[in-house]
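Undergrad: Quick one: the structure is below, and I'll ask about it shortly.
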Amino acid sequence: IDSQNLEGKFFSVAWLWNGIELVRIGPTGIVSVTPEYSERGRQGELRATRTGNRNYQFVMKPVKTMDEGQYVFRAWTEERGDDGAFKQGTAQDSGPLSVKISSTESELSVRMQDVPPTITQRDRLRLVCNVGGFKGQLSVTWKRKLTAKQIALFNIIVSLSQGGVMETAADFTSRNVRVMRPTDDSFVLELDDVIPSDSGVYRCTVTEWEPSGKSHSREQSANVTVIPIDSLVKVSLRSRTNIVTVGDNVELMCQVKGPSVLKHLIWTKQNNNSTLNNIVTLSSDGSVSWSGDQHHYQVKVDNQNNAVMYYLKIVGVSRREAGIYQCMVSVFLENAFKKLPESNHLRVMVQNPVSTLALSSEPSISQNINSDVHINCRVISKPSPSSQYAVTWLHQHDAANKTILSSDRKAVETLGSQTEQSFRQRVIMKRTNGPTFELTIRQARISDRGSYFCEVVEWLQDPRGDWYPLPGKSVITKLTVIEPANDLTVAKNEQQLTISEGNEVELECIMTSGAPAFFYKVIWFYAPPSFLSMNASLVELDQTGLLVYPENQALQSLQGRLRLSRPSQKNFYLKIQTAHETDSGTYWCQVEQYQLDNEGQWKQKASESSGPVTLAVNVADSKLSIEKTEDKMNISAAEDMAIPCNIAQHTSSESQFQVTWFWQKDAETEQRPIFTAYRNSTFKDGHENVRFSHPLPHQFTLTILNTGPKDSGLYFCEVEEWLHSLTQGWRRAVVKKSGNLNVTVLSEGRVKSLPESDCMSGTLIVALVVVTIILLFVILTLVLVMCRNKASNKAAPSLWTEQHPLSDKTAEI
């Protein structure tokens, strides 16, 4: 090396053979041999030294014919930094020196036998090197370089000395490599579990050693290519069909062809959103690992000649299973699983089943205005067990389609946004068995005419439980709304009704004609007797069904007892409950015909009145009847005289009576009241010594005690019947008079001879009085017993006790 200031510089030098570095001396004087020549360096065949400040020497001894070629000396400066590290400068080369090596005469020959051009990864490489013409001891060295074109040294794999000692290179100590000499003239190299990087040029170098220490070498090379297993394993994915219908099964087949090796397979699916999802992993040890829902997948493995078939069966396909499928295979190589190229993509397309939906509807419907329209849309096809339906009703009028309402498969209804509010309030949809979808239009108007579309979409449930729609079907119904002619008539026949107060009466108002498409309002009027001009409305039932009682203080009582009914469209009935006498008068009805116009406003079309109904409510007539027997009585002075007053017939069980007894002296015309029993159970007497009894509801008796001649005269009773009126309250209905009792009271000691008939009459009277007294006693006894049971121990004095004569003053109970 020539350089200025040589002593203060650091240099590195190297010797190159055919461009390949053999040995190097670093800036600190350390010698390093390249790995390819490390064996020769250890054996002392390669040496590099520094012989002076500028002189370096390279020695190779002994040389071999393979060592001939061009040698170059290269040097470069090394700059030492503050941290002690060296920085390499620009290298300079010497001129090349060509070295030619001639071999001594030797008959040694080497030949590679039956070298396989290719070998599969993981197989065993076996190379045989045959030797001929040798006389001395032999050693062999097996070497390899990557390619024949590579300008590089061969790397030692393994060597076998002449003493039979095998030495393996460091790079192959972990490999199962060996060299053998099965015969004297052959050397065998075996390398197990070859890998693709083992491909290259293999050289067998045989050295013959002479006793003098000289050696002769011969070598033979051969190309060996290791084919990677992954290049031999072919993965393909296919299916008998990739277009399937929801609910069907589909089977994917992944064929793995190639050498038998441990395999690891993963089934994957890519969704439309480019997300790759693993379905299942089949490990080489036979274990199965599911990554998601496994209920709809089945796997199967079938080992075939030179191939393994993996099956993925999708049971009950849904739209979730649509996507791109792949099978990814990994093989166990070099103590690890190596992923092979993915299989081809297989797109599975899931289609809906063909819709068999069939609908039926009336082609046309004609309906009167203001009547209800029913349009039925029937599903006549056989539904599947999971079928659900969504329906949409559309109305086409004047070439414009408007959605009326729609109902989803869960029957949630939504009204169309373009439909008028008045129309939206009149439409109703309901579902019935079949199924049948019924659209009802209440109170149809002229503007409702047109075509109505029933669009039905059938929804089905896939095996995953997801709902999906099939193509919809529709049917059309044409609606014609007819406006009938006005023909309103009401029965005008006059009626006369007479009832008793407290009973019910029903008045009728009959439409003899009138189109049912219209709406009707009825008003009932009332006028008192003989004052038709003073009529007033009692009650109104308008066309919407609203019942109204017009305010009228005078008719408030009557209005509270009215009941209005409409059993049919043409019949209106007015019932008066508990009729009063003041309800008498004239009644009639007025029927008004209405129709809704296109704006939804009520428009009166006609009006008709019925004939008058004259109602007479009569108070009940009295049926009072009093016994009118004319009789005579002769009694002695100081005897008691009983004057009976018996009612033979009365008007009502609720009738009340007022009884008054009168006395007329002989030869006088004045009739004097001697006792009055009022209907409120109070009394008034006009005689100083009388007793009143009321043994039975319709029997009254007045007894004059201790009679004297002055009591002689004509006696009779007068009965007033009081009846209750709903309007007037209690009123006196009639007054009836009994027959006369002619009484003669004889003076004491005087006995008048009477004819035999009079004696018989007296005897009968006495017998009657005795019987009456006995009956009164029995009745009083029973009354007292009952009173004792109900009242306290001390009984109140009886009003009917005969021991207490009535005073002149009125007694009240």
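Just so you know, glycine gets a Cβ as well, placed from its N, Cα and C.
When I checked TrEMBL for this same protein, it listed these features:
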DOMAIN    96-225  domain 'Ig-like'
DOMAIN    228-330  domain 'Ig-like'
DOMAIN    353-456  domain 'Ig-like'
DOMAIN    484-614  domain 'Ig-like'
DOMAIN    622-727  domain 'Ig-like'
TRANSMEM  764-785  transmembrane segment
Undergrad: Rank 96-225, 228-330, 484-614, 622-727 by Cβ pairs under 8 Å to the domain 'Ig-like' (353-456) and hand me the top one.
TA: 484-614
Undergrad: In this predicted model, what is the average pLDDT of the domain 'Ig-like' (228-330)?
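TA: Average per-residue pLDDT within the domain 'Ig-like' (228-330): 88.
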Undergrad: Which listed range (96-225, 228-330, 622-727) shows the maximal number of Cβ pairs under 8 Å with respect to the domain 'Ig-like' (484-614)?
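TA: Against the domain 'Ig-like' (484-614), the leading stretch is 622-727.
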Undergrad: Go ahead and report the DSSP secondary structure tallies for the domain 'Ig-like' (484-614): helix first, then strand, then coil.
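TA: For the domain 'Ig-like' (484-614), the helix, strand and coil counts are 13 helix, 69 strand, 49 coil.
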